[in-house]
Amino acid sequence: MLMWPQPHLPTHPHLPTHPHLPTHPHLPTHPHLPTHPHLPTHPMMSKETRQSKLAEAKEQLTDHHPQTNPSVGTAASDTKKKKINNGTSPETTTSGGCHSPEDEQKASHQHQEALRRELEAQVHTIRILTCQKTELQMALYYSQHAVKQLEGEARDLISRLHDSWKFAGELEQALSAVTTQKKKADRYIEELTKERDALSLELYRNTITDEELKEKNAKLQEKLQLVESEKSEIQLNVKELKRKLERAKLLLPQQQLQAEADHLGKELQSVSAKLQAQVEENELWNRLNQQQEEKMWRQEEKIQEWEEKIQEQEEKIREQEEKIREQEEKMRRQEEMMWEKEEKMRRQEEMMWEKEEKIRELEEKMHEQEKIREQEEKRQEEEKIREQEKRQEQEAKMWRQEEKIREQEEKIREQEKKMWRQEEKIHEQEKIREEEKRQEQEEMWRQEEKIREQEEIWRQKEKMHEQEEKIRKQEEKVWRQEEKMHDQEEKIREQEEKVWRQEEKIREQEKKREQEEKMWRQEEKIREQEEKIREQEEMWREEEKMHEQEKIWEEEKRQEQEDKMWRQEEKIREQEEKVWRQEEKIREQEEKRQEQEEKMWKQEEKIREQEEKIREQEEKIREQEEKIREQEEMMQEQEEKMGEQEEKMQEQEKMRRQEEKIREQEEKIREQKEKIREQEEKIWEQEEKIREQEEMMQEQEEKMGEQEEKIWEQEEKMQEQEEKMRRQEEKIREQEKKIREQEEKIREQEEMMQEQEEKMGEQEEKMQEQEEKMRRQEEKIREQEKKIREQEEKIREQEEMMQEQEEKMWEQEEKMCEQEEKMQEQEEKMRRQEEKMWEQEVRLRQQEEKMQEH
């Protein structure tokens, strides 16, 4: 049987101790045995695993002996030499072949020193291992704690990301609603422009008809003037005829008077017929003028209604623009909230980076410790081989040195008591630390996996944040410019309203028109810039969406997302082309509007000129009507006189002397009657024409009456407006100064906008470069993911190896327990041998005493 010294083995409870031999009260039970109070048995481990772990622990403890105890080898060599020289076994007791007591004491003393050194080396290794365990447990604990914090922060970040996604979706819905409203407004404006075009055509036709009617009225006025001149001549002729009649009554006889009276009567009849025809023509023309005036009034009413509708629509559009501005303000506030959230996220990211750096340091320490362990394992394997050789030599020496060790054990036991007390405390601390380290190690491995994933995500986020900061700076500049442009647009709209009210005087001022044209051009440029900015914002938002989707689906669907990205880029390009086409259409529509407005201005000027001419015609017509009434009164007086003359002529016809003349006159009268009938037929035709003209004139007179009423109202309004215009002129002069200042500012802004456009072009190029970089980064990320997966597989393999090692440790522990039991049995045998040795010594002493007596 091979014997191995175990100074820390307990005594057997059932074996009686020798009366002369000291017991081992200071030796506690082995810490790896199941009876140890501080090391509970693992519930999931079998006996084989415990035995294997105990065996491995013993091997690790014994591996340090050859390095730390060089004296052991020397002692073994000395004993070999003694064995060779003596050539006898230790059990012989003859005087010639046995060793001297001094040599035996020296050998036992050397053997005890070697054992002490071995014990010290074992204690030292145990302390080193306990320190390493405590360090590992602390590192695991800190890493697990950091991982828990990182998980909580990651959850917070995920919840915030979900909130931001929801918020972005709401913003997109609001933007889509705004765009739909804008589209509806644009359609409504297009319909209004079409209606304006139709009205402008109607106005143009009406102006043409008005011009024709004016020409006809001018011709009629000329005819009326001729008729009036003829009437005046006829009246003069009538007066002269009356005078002649009066003279003829005095001078000429009755027959001559009758002939002249007949002649005058015929002339009067012809003149009266002409006057009636002219009166009927005048009535017809008056009716036509009335009808035309009525049409003009109706058209003006329609125009006013359309203008009211247009104003209402403009008010609606303004309300919509105000709503859009409110929505934009809300969007800005929400973006500010997002900025604040992102700043918080950045701070948290910085904290995470600091924690990650600490974890990396811990990982480096762990790697160093693993290297040290590997080196120690190699050394242990080499030392095991050496120790096996030395054990065989030491076992032979142990038989000889057991007698001498007993005397020295008493001194060692006192020291061992102190050592065991310290070791018990150390074991208790080690158990606590080991449990903590195990938990920390498990958490450390989990954290490392998560941290590596997060590192890649954070790197991508940092780049995205840098890009977002640049974009936001640009957006802030654009928003400031838009605010300035909105302020300018409001001022311009106020000026436009005043200009629309001041149409009569602003038309005379050509400079203001030039200013308006400049403002319109500037507005077009501003709108184009706004549209470009909105397109860019949409592009950025779409890119942000794409980045968020890439972050979420990076591990599972990156290839699908890349395909979608390409498709979306093609769609965006198509949308940009559509937007450019829409912009061109809008520009063409605006040019058409400007042309239509110029036509409207011209038509309104013509209408006003026509109104002035109509007023002059109305005044002339009134004067003519008064003259006609006077003529009618004169004609009535003449008819009464002619009636009296006819009565006198009838009395004269009775005169026989006048019968022949009367017959001749009758023949003439018949001829005249035929002529008169022909004239009457012509007159009837003229009367029908005149009636038609009178109906037209009546309609025109009705229109003119309505127009006069409106004109009176308009004149009153115009007087009020003139007062307002005077006040407004002063304001306009002040505004002109402001406008000039604004024009200078706008020119500066245009220059700034051109610079910005150049910068935007550069930024677009940079964005393209960044997209290429992002693609490269994605490829790198994929490679990194592959590496991470490989590392994860390695880690899993290492974990499996660790589990296998733990099982082996348990098996070694069980083996150690079995070996300890065997050692106890060996100790019992050693004690029995010691008792026999004591008996032999007693016998030897008795023999020596007898020898001395002899």
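Including glycine, each Cβ sits where the backbone N, Cα and C put it.
Database features (Swiss-Prot):
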type     : residues : note
REGION   : 1-114    : region 'Disordered'
COMPBIAS : 15-35    : compositional bias 'Basic residues'
COMPBIAS : 45-66    : compositional bias 'Basic and acidic residues'
COMPBIAS : 67-77    : compositional bias 'Polar residues'
COMPBIAS : 85-97    : compositional bias 'Polar residues'
COMPBIAS : 100-114  : compositional bias 'Basic and acidic residues'
COILED   : 103-854  : coiled coil
REGION   : 320-348  : region 'Disordered'
REGION   : 366-447  : region 'Disordered'
REGION   : 481-568  : region 'Disordered'
REGION   : 581-681  : region 'Disordered'
REGION   : 714-854  : region 'Disordered'
Number of helical, extended and coil residues in the region 'Disordered' (714-854), per DSSP: 140 helix, 0 strand, 1 coil
Summary of DSSP states over the region 'Disordered' (320-348), given as helix, strand and coil counts: 29 helix, 0 strand, 0 coil
Helix, strand and coil counts within the compositional bias 'Basic and acidic residues' (100-114) (DSSP): 14 helix, 0 strand, 1 coil
Segment confidence, the coiled coil (103-854), expressed as mean pLDDT: 74
